[in-house]
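So that you can see what the record holds, here are the features copied from TrEMBL:
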type     : residues           : note
BINDING  : C:His96, C:His197  : heme b b562 binding site
BINDING  : C:His110, C:His211 : heme b b566 binding site
BINDING  : C:His216           : ubiquinone binding site
DOMAIN   : C:13-224           : domain 'Cytochrome b/b6 N-terminal region profile'
DOMAIN   : C:227-397          : domain 'Cytochrome b/b6 C-terminal region profile'
TRANSMEM : C:42-69            : transmembrane segment
TRANSMEM : C:90-111           : transmembrane segment
TRANSMEM : C:126-148          : transmembrane segment
TRANSMEM : C:155-181          : transmembrane segment
TRANSMEM : C:193-215          : transmembrane segment
TRANSMEM : C:246-267          : transmembrane segment
TRANSMEM : C:305-325          : transmembrane segment
TRANSMEM : C:337-357          : transmembrane segment
TRANSMEM : C:369-389          : transmembrane segment
Amino acid sequence: MKTLIRIGTAAILATGLSLGGTAAQAAGGHGGPELKHPSWTFDGLFGHYNEDQLKRGWEVYSNVCASCHGLEYMHYRNLKGLGYTEDEVEAIAASFEIEDGPDEWGEMFTRPATVVDPIKEPYENDALAKLANGGAVPPNLSVMTRARDHGPDYVYSLMLGYEAGVPEWVHEEDPEFSVPPGKSFNNYFPGYAISMPQQLFPGIMEYSDGTEATPEQMAKDVVTFLQWAAEPELEKRKDLGRYVLVFLIVFTGVLYAYKREIWKNAH
Amino acid sequence: MSHTANPAGSGDDKTRRDFLLIASAGMGVVGTALAVWPFIDSMNPAKDVMALAVVEVDLSPVAVGQAITVVWRGKPVFVRHRTPEDIEQARAVNVASLRDPEADEDRVIKPEWLVQIGICTHLGCIPKGQKPSDPKGDYNGWFCVCHGSHYDTAGRIRKGPAPLNLPVPQYAFLDDTTIQIGEE
Amino acid sequence: MSSTPSPVWSNPAIKWVDRRMPIFSLMHKELIVYPTPRNLNYWWNFGSLAGIALVILIFSGIFLAMHYVPHEDMAFASVERLMREVNSGWLIRFIHMNTVSLFFLCVYIHIFRGMYYGSYKAPRELLWIIGVIIYFVMVGTAFLGYVLPWGQMSFWAATVITSLVTPIPLVGEELAIWLWGGFGVNNATLQRFFSLHYLLPMVIFALVFLHLWALHTTKSNNPLGVDVKKKADTLPFHPYYTMKDAFGLGVALVVLSYFIFFNPNYFNHSINYVMADPMVTPEHIVPEWYFLPFYAILRAIPDKLGGVVLMFLSILIWMALPWLDRSRVRSGKFRPVFKWFFWVWVADFVLLTWLGAMPAEGTYVTMGQWATAYYFAHFVVILPLLGWFEKTKPVPESISAAVTAGHDKEAAA
């Protein structure tokens, strides 16, 4: 028993040390509203994705986000992971014209994309992206939920966190605060002034499965899609993880029993 | 390694101990083997490599008598649009007399299209015979200039040091003029 | 100590090899019959556990290197490709990332255990010093490895840490340029870091063997700190400690697997999933948790050179422990005052860890300075003085005597 307490102490020490690290990330000096935390299907020990939701998320991405944000490192073939069939993915890919070449005459040419092509970027380079977006490069979204603390909650909150005017609590923090021209106020963006205008309004798009496209619904679906884009291995990881944990716990139990058996005669 | 450091207990104790030893050792061996598998598997072709392992080839621009070379899995694939004489020549041979006996019918899906991997089965050179100006060897097929292997109009070895015919990759016709090389 | 005769091997192949190179006899002596104090507690598990963590790290690292591209334009993308395209690539990377934390945790506990039970005292000074060198090389290796994914934190950690050499008088600037192979962290830096990150674990591995050699020469310390005097004080290493270590490994793997499969980025910084940008510094630069106490010491000193020197001294001073601690009693168990100060020092270390993660402003700076002062005072003031003034408790005559006494007490109760 004593030994177990000691192991417990070690574990507590470990968590204590590691909390130091995360505490630093959470500390942002934020007087505004807390991050929203809707229930995510991918949270927890049994986390998984819902294919209908992933497809809706892809529809939001392609209708709303894709004109400015890319999905680097991803290919059209990956969309099979959303539950689309081979033919559907081929059709999606073929709806994009991409540049290829040079051909035998040394000329670049365009052709419909195939499943093995990378998902088309909205801008050819960062300079063009900057030019089109008031000096800010719209960040790549394929790793977004991994690249921000509390990624899914953050992106969800950000999408729904726009305010028409500057709220009172901001002026309590900084009486001088104003939103520069060309920017929008967002409760959750560091510094509150964000280059991206509000995107999600009621009625901007319709889902092909008939779900009502409210801003909350769109935000939730697109964040689920982005989480899938960032962690496509999540389902496999958690499925495997459960087997591994059960195996290791049983194994450790057997080892403990054997260890006790051996030590019985030594005390 | 056997050893007898454990002071011997009673019979029951020994059974219990043996069981626990076998259980621990068994789970340890199985667990280690399972844990090593992902590492070994990581050396297999990755998903992006596999995605490119299947290519579609449009044959419509290839006129009778012409040949094209396409790259598939890093290797040249020879596609020849055979003339009726080519086919006739290939089928006139006594199969049993060949070094690597194989009927022409077994090497093609449609007789006019011969699809094969263009790597000499001797020591891995790429035989000549694709371009009109190339030497085609004694049998009007392909000729490997490295060590003088002659292949016929069905890509079968007829003369020289190579032991086998040019291998035919797995392919299928998606429609009359499109083939897909590699399996899906 | 009992001398153990070489076993007689029955297998002819083993016999043949062993006569020409007695590797099997050596393994038998050091891993099977090695007389180990019978009273080691679970704090003694963490040495071998750290060794296993090292093996896991080297093994997984070899496979990561098969897919990684050490180039400033491709490093980040190659890691993403590893996670997305390579079969089980995500698993191998998460194993590598999280085992680093396990390794450091084990090594810290191992070091603290040595400090509490006086494992550094004669005749184990060299064993201890080799251990501190291992820790130094570990720190270097972990730092180099963290740069490789070429995220924002990688890049800026590389910039900040390599800049530590710039305050060195006369050669500082040139030294930094030499380290970088350019005028700042750049592609050349990344390539040399990759090369060295592959090399240093092998150095650690070799040092671990020296550590074990020294250990098996002086034999293991134990919670009582008294020398092994007779056979009854010891147990053969196998199966007693192999099984105890195996059980401890099982527990560690359960915890490790939880992080690998369910919280793989817990110890990582999210900003490191943004590709390195030499034009934009992230708002908070925070090192990995295992560097935080030393980072706090670095920042506690307002002088650039002073901070760097003190940071290195804070680890180097461990090497002097065998001579700073004047007490004749090894184990903290029999040192009522030391025991108390030991835990205060551990608390100070945890406090420094926490402070290292806080922004360097306001009260955090002051707290950092006091915590740093106490950190050093423990070694240069408290430990030497305790040696003179502390009244220690009586130390048992031998391990077996103490074990028997313990059994009597249990029987009486």
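Cβ coordinates come from backbone N, Cα and C, glycine included.
Locations of recorded TrEMBL features on the structure.
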{"residue": "C:His96", "record": "heme b b562 binding site", "contacts (Cβ under 8 Å, 6+ apart)": "C:Leu57, C:Ser60, C:Gly61, C:Leu64"}
{"residue": "C:His110", "record": "heme b b566 binding site", "contacts (Cβ under 8 Å, 6+ apart)": "C:Phe46, C:Gly47, C:Ala50, C:Gly131"}
{"residue": "C:His197", "record": "heme b b562 binding site", "contacts (Cβ under 8 Å, 6+ apart)": "C:Thr141, C:Leu144, C:Gly145, C:Leu148"}
{"residue": "C:His211", "record": "heme b b566 binding site", "contacts (Cβ under 8 Å, 6+ apart)": "C:Leu127, C:Ile130, C:Gly131, C:Ile134"}
{"residue": "C:His216", "record": "ubiquinone binding site", "contacts (Cβ under 8 Å, 6+ apart)": "C:Glu30, C:Tyr34"}
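Beyond the ends of the transmembrane segment (C:337-357), by six or more residues, the same chain brings 112, 115-116, 286-287, 289, 291-297, 299, 327, 364, 367-368, 371-372, 374-375, 378, 382-383, 386, 389-391 to within a C-beta distance below 8 angstroms of the stretch. Averaged over the domain 'Cytochrome b/b6 N-terminal region profile' (C:13-224), the predicted model has a pLDDT of 96. Residues of the same chain lying 6 or more positions beyond the ends of the transmembrane segment (C:305-325) and with a Cβ under 8 Å from any Cβ of it are 111, 115, 118, 120-122, 124-125, 128-129, 132, 135-136, 139, 164, 167-169, 293-295, 297-299, 372, 375-376, 379-380, 383-384, 386-387. DSSP classifies C:His216 (ubiquinone binding site) as helix under the three-state reduction.
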